[in-house]
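Worksheet: one structure, shown below.
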């Protein structure tokens, strides 16, 4: 027989008389289902347990609410999954920093403020390395007059604080952007929703931690940091200089520097 004969359709008047249907049995009629225990198995509970995936962040405690869940958040965390910081009220004008130990936050206050009191901006002298503190008319304002070669808001930046050609290795203490803004701490509560912060994976390997020193974790042009500008979080390059090129040692006549400095 040819293949066309085997697979040719039936004429309309020769259609088969079979009835096609799916058999369905009630649970009480199915002997297999009757053998199953009445309690839900462990996998069933885990599948419908809203807390099984541990959706609460920052040591929040998950509680089942029917088909949903709620998180009990430790201070200063808030939000549906404890992913937001709410320490700004406690720290007033200071920055709320997230920590990994109780009470899980601390306040970073701009000099001369120290909770709960404030003092004269120049007593004690905040300027380092022999800097002179100059008071302004506004009680909380001051300026450090730095002896050369020191610089920075507190004269804390020395001449050796610079970045090499590979600026991702910078581990200095500059914490000021080129626009004069002071850097936010990497563990600031306002950075919890930003991809780069003190709690990201391998933060230590990038030199990022509970400080506000400039870093370059994403191999950008030079070290940078987050700043607060017009009540928004932005980033900017830092006021840090490249290291001066070493003077090449001339061993032979006609030596030419090849390192690009």
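FYI, residue positions are counted from 1 along the chain as it appears here.
Any Cβ shown, glycine's included, is placed from N, Cα and C.
Annotation comment: TrEMBL describes 73-82, 127-144, 146-155 as disulfide bond. What TrEMBL records for 47-83, 118-156 is domain 'EGF-like'. What TrEMBL lists as domain 'Kringle' is 161-243.
Among residues of the same chain six or more beyond the domain 'EGF-like' (47-83), those with a C-beta under 8 A of the stretch's C-beta atoms are 90, 96, 98, 103-105, 189, 192-193. For the pair residue 146 (disulfide bond) and residue 127 (disulfide bond), the C-alpha distance works out to 8 angstrom. Between the CA atoms of residue 73 (disulfide bond) and residue 127 (disulfide bond) there is a gap of 40 Å. Straight-line distance linking the Cα atoms of residue 155 (disulfide bond) and residue 127 (disulfide bond), rounded to a whole number, equals 6 Å. Each residue of the domain 'EGF-like' (118-156) gets a DSSP state, and the totals for helix, strand and coil are 0 helix, 10 strand, 29 coil. In the shown protein chains, 20 other C-beta atoms lie within 10 A of the C-beta of residue 155 (disulfide bond). Summary: among the disulfide-bonded residues (127, 146), the fewest other C-beta atoms within 10 A of the C-beta are counted at 146. Cβ neighbour count for residue 73 (disulfide bond) (all protein chains, 10 Å cutoff from its Cβ): 22. Its Cβ placed at the centre, residue 82 (disulfide bond) has 21 other Cβ atoms within 10 Å. Sequence-distant neighbours of residue 144 (disulfide bond): residues of the same chain at least 6 apart with a C-beta under 8 Å from its C-beta are 126, 127, 131, 132, 133, 134, 152, 153, 154, 155.
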